[in-house]
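Asker: Sending over a structure as structure tokens; questions will come in a sec.
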2 protein chains.
Amino acid sequence: MTNIEQVTVAGGGVLGSQIAYQCAFKGKNVTVYDIGDDAVAAARERVKALRTAYKRDIKATDEQFDAGLGRMSFTTDLSEAVKNANLVIEAIPEKPSIKHDFYQSLAKLAPENTIFASNSSTYVPSTFASDTGRPDKFLNLHFANQIWLMNTAEIMGTDQTDPDIYNQIVSFAREIGMVPIQLHKEQPGYVLNTLLMPLMGAAGMLWAHDVADPQTIDKTWMIATGAPKGPFGFYDMVGLRTAYNILSQRQGDNPQAKPLLDKLNAMIEQGKLGEETGQGFYQYPDPDYRDPGFLKA
Amino acid sequence: MTNIEQVTVAGGGVLGSQIAYQCAFKGKNVTVYDIGDDAVAAARERVKALRTAYKRDIKATDEQFDAGLGRMSFTTDLSEAVKNANLVIEAIPEKPSIKHDFYQSLAKLAPENTIFASNSSTYVPSTFASDTGRPDKFLNLHFANQIWLMNTAEIMGTDQTDPDIYNQIVSFAREIGMVPIQLHKEQPGYVLNTLLMPLMGAAGMLWAHDVADPQTIDKTWMIATGAPKGPFGFYDMVGLRTAYNILSQRQGDNPQAKPLLDKLNAMIEQGKLGEETGQGFYQYPDPDYRDPGFLKA
């Protein structure tokens, strides 16, 4: 079995560019594919902008960061992008029609042995397996935002995924500095969102039904579990828009959830989207819950 | 309004003895009431045995610990126990008939101004309000195990609780070193269990349905949230028996939950009850999740 050294990341958005750079940083040769010159230029800028975070958060030197950059190339030509790829990681928009078309094109252009992995948050791999022309070499490999810090890689195959391929991706995840989170079955939301969403939903219901306020709820959680943030800190981390979308899928037919969805929606309309906009349930970069006095009052 | 200086704790079990000592440690005069000489002797031993933890965990000196002991007395005479009490904290067994009888007796013996607070985990205060003869001076004040470290006091009144009494208990909670968690409405499970149980349930379902193993699930949680333990660490902390009881109340009619309840029950039958027996999902006192390598593999 060929070691995975040539990696193509399809889609240079926020997460795609992080995945691509992390692979390159860890020594892989990486090609980023995106659909047009503007998208490629934006991806290139996103990658370059990671320097600050890699230096600050994981103490990378400029030399190390530059060496990673030196292992990357960018293209709008899918055929060129995948012709030598051992692995294509797909991080394109979460629209089924776009993904079906992409995998059908990719199936024709990629060498027969190339493994395909989807970073999709929303779709289990069986959704697209038949488009790939190689269901035995297809699975999901899902990363978290701020990949250099939140270094989980959730790995989820279908019934058709070859166990050797699955294990090869587990090793690859370790090679690029990730902790492989192995799922033995398809599970919408993987492990992390399957855990986070019930907690965030329960916390949100306490707030929306006026049982307790967000700060009180977060304090309770932080004291009891020793965690550095509570459920409303998680809302801000995940982003209110994403949280709203997932909770409305899961809870949309529960009338008890309506006050929560309404209150989240009101915050979204005010631009309070969480850490990304500097304001959610807390203000960033210095949210109250990081104040040493927060747990004492 | 009289300041709360004379506190009676009814029930000297595991939590009752912790509540009583914490109040005395913080300067209150405390009487522990229990139903017979053996129960009182056991309570006295439980209180004395807290010395190690107070010295180790919060750096109390022997002098400070002894001063707390000096503010405590023990009795089997309820009338004597409550005759000067500003506050009676009830921590007797979680059986409704026992609690109804207790509050009816207490109502006759305690001065009219004495505030009653229940530590009940299971019952909201309106369950017993009419037994107390003073529904305006009755609420729940709920502590966590290892009160000297897990210093939350969840405070939950009924529609009839006088807001001034509620606020007086908020101040009292602070005086005894607690962070008051103020609930504005009755909520079974208070804040903490309302949050913990959906997370533990979701984690348990992933395990019971063979999606992922407990260590993998805990790693995912710990990396993503920065917490020092994950959901199966919480099972061990809460105790498998308690977790089983709460989850079977909440999920007993959900056929999807049966594999989880069966697997928990099997562990309980093997004596794997969590931290209290030294073995649950992990082995104590040195569970794998505290190993610095746990998050790297």
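Placement of Cβ uses the backbone N, Cα and C atoms for every residue, glycine included.
Just lifted these from TrEMBL, have a look:
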| type | residues | note |
| --- | --- | --- |
| DOMAIN | B:6-185 | domain '3-hydroxyacyl-CoA dehydrogenase NAD binding' |
| SITE | B:HIS142 | site 'Important for catalytic activity' |
| DOMAIN | B:189-284 | domain '3-hydroxyacyl-CoA dehydrogenase C-terminal' |
Asker: I'd like the number of other C-beta atoms within 10 A of the C-beta of B:HIS142 (site 'Important for catalytic activity'), please.
Answerer: 24
Asker: Across the domain '3-hydroxyacyl-CoA dehydrogenase C-terminal' (B:189-284), what are the DSSP residue counts per state (helix, strand, coil)?
Answerer: 67 helix, 3 strand, 26 coil
Asker: Along the domain '3-hydroxyacyl-CoA dehydrogenase C-terminal' (B:189-284), what average pLDDT does this model show?
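Answerer: Taking every residue of the domain '3-hydroxyacyl-CoA dehydrogenase C-terminal' (B:189-284) together, the mean pLDDT is 95.
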